[in-house]
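If you check TrEMBL, you get these features:
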type     : residues : note
REGION   : 1-23     : region 'Disordered'
TRANSMEM : 35-61    : transmembrane segment
DOMAIN   : 38-515   : domain 'Major facilitator superfamily (MFS) profile'
TRANSMEM : 73-92    : transmembrane segment
TRANSMEM : 98-119   : transmembrane segment
TRANSMEM : 150-174  : transmembrane segment
TRANSMEM : 181-201  : transmembrane segment
TRANSMEM : 221-242  : transmembrane segment
TRANSMEM : 254-275  : transmembrane segment
TRANSMEM : 295-316  : transmembrane segment
TRANSMEM : 328-348  : transmembrane segment
TRANSMEM : 354-376  : transmembrane segment
TRANSMEM : 421-442  : transmembrane segment
TRANSMEM : 492-510  : transmembrane segment
Amino acid sequence: MSAMETNTQSESKGPEESATSLTEAADDYPSGSRFFGLLVALMLTIFLVAMDMTIVATAIPRITQEFNSIPDIGWYGSAFFLTISSFAQLWGKGYTYFPLKWVIIAAIVVFEIGSLICVGRAICGAGGAGITNGCYTIIAFIARPESRPAYTGLLGATYGMASVIGPLVGGFFTTDVTWRWCFYINLPIGGFSLLVLTFFFKTPAAAKPKSASLREKALHADLPGVILSASCIVCFLLYLQWGGITKPWNSPDVIGCIVGSIVLFAAFACGQWYLGERAMMVPRLLLTRETIALALYNFFLAGSYFVFVYYLPIYFQSIGGLSAAASAVRNLPLIISSSIFGIVSGVLMTKFGYFHWFLWIGAALSALGGGLIYTLGIQLDTGKYVGFQLIAGTGAGLSLQVPVIVAQATTRPEDIAMRTAILLFFQTLGGAIFISVAQNMFANQLLQSVTNNNVGFDPQKILSVGADDLKSHFLAHELSDVFKAYLLGLRTTWILGIACASAAFIVTFGSRYRNILAPKAHLSGSKDGSYIEKASEDEAIV
């Protein structure tokens, strides 16, 4: 008998135990000022991570100027997303086997250390994984089921508001102070949220950690799985970082990276299957039709959204010649619309319940908005770039948080942290992968464009000049070709964003059309951990 089978038999809970957990949860919902205090604490903590995801977007052109490296653009965002995705499952196990309160406090401390180091983007990401997972897990335990989608939507709106503030603050610091304050700003906010959680949060009884020996908890951490997944992603990102930009595609280093990534992925997948309940990504929770569809939706739609968040400021600063702060203001329509409709979707989910419509409309609007953004040209047209971003942002806001809402509404209490972690893993992985894919496409198109136009300068020069400093490094007669090359490069990234949104639309058809507000009449220990509706026989893949 495999480890997967043994662990599943020993740890799976039956209908009676699931029902007991739900009853305990119903008796332990906080109310009044206590609930408000907890909600504020969660909003503050998720605010930290969300702001850190976008605060560097407007600072990137200035950072590339200081370090003279356009090819590194992808790493400024990907390093953060990489560790968030790699550590999401580890924190999920932490929330399952240790008290919620102290795990999220530990996550904030790690995040703060990364911010203090300033260059510790990867460390920030490791802490950010725990913060994001913790916020969504805790809200699932402190909010009543009928209002949970609305409060999850409020967390999403907080995420969106932080995303709005991030580029503005980043632009201000970059233009008037120093880009390093983009990271130092986390320290006072993090310190305050740490105090709030320490004094106001009490772990609910229904969130009681699973009982296990210290050895068993260590085995469930699956550190080899964390290392294998992170190594696999790093190899793939290096493949994208080098391929065709600093090294030819057929160089041993580039080939070695892609081969290594494939081998590491195979080893990771085999290990996860064998370990079962002890795996970083528990197979019984992952390998169902609905979870796979929702995870892939998060993967593609997050990839689309962050491609536009990161590359629109480059458009405004390079072709528009705007400052970091000014480009952040022009990026607001995308981020404000996603924030507002994050709240709207959460509220509507509490009334409507049929989640597929949010996924379909969200992906369709994201693809439409991306297609319109693709038409932007050398001359900045205010009406166009505002309207196009509003459409794309509305799509992202309506749908990005829906998979998590669905997972929390259809999962047994003891599995909420792990299933949430799976979806957040794919969401952040989408950001890490597609930001780097976009960067490779952008840089290769830049080189190809200036080479084909027979410009009077070394094509590599365009990669060593900061995106916001083009006029200082190129002659007047060269700028026309440089701007055209930049626009072509940016359009390749926008094509990627459109393709990702379209893929998100397609994968929604892999999940069952149902109402997540349906009466919880079928409490069962179903194979995917769902308790609202008993899984059909053909849904489970394993």
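Glycine too: its Cβ is placed from the backbone N, Cα and C atoms.
In summary, the transmembrane segment (328-348) lies against the transmembrane segment (150-174): three or more C-beta pairs, each 6 or more positions apart in sequence, are under 8 Å. Sequence-distant contacts of the transmembrane segment (150-174), counting only residues of its own chain at least 6 positions beyond either end whose CB sits under 8 Å from a CB of the stretch, comprise 39, 42-43, 46-59, 62, 135-136, 139-140, 143, 180-182, 185, 309, 313, 323-329, 331-332, 335-336, 338-340, 342-347, 349-350, 397, 400-401, 404-405, 408. Here the transmembrane segment (221-242) sits against the transmembrane segment (421-442); at least 3 CB pairs are under 8 Å, leaving out pairs fewer than 6 apart in sequence. When each of 98-119, 181-201, 354-376, 421-442 is checked for Cβ pairs under 8 Å to the transmembrane segment (295-316), 421-442 comes out on top. Highest Cβ contact count with the transmembrane segment (492-510) among the listed stretches 98-119, 354-376, 421-442 falls to 354-376 (criterion: pairs under 8 Å). Counting residues 6+ beyond its ends, the transmembrane segment (354-376) has Cβ neighbours under 8 Å at 297, 301, 304-305, 308, 312, 315, 345, 348, 384-385, 387-400, 402-403, 405-406, 491, 494-495, 497-498, 501-502, 504-505, 508, 511, 513-516 in the same chain. If you take every residue in the domain 'Major facilitator superfamily (MFS) profile' (38-515) and average the pLDDT, you get 83. Tertiary neighbourhood of the transmembrane segment (254-275): same-chain residues 2-4, 7, 222, 224-225, 228-229, 231-233, 235-236, 238-239, 242-243, 247-248, 281, 283, selected by CB-CB distance under 8 Å and a gap of 6+ residues from either end.
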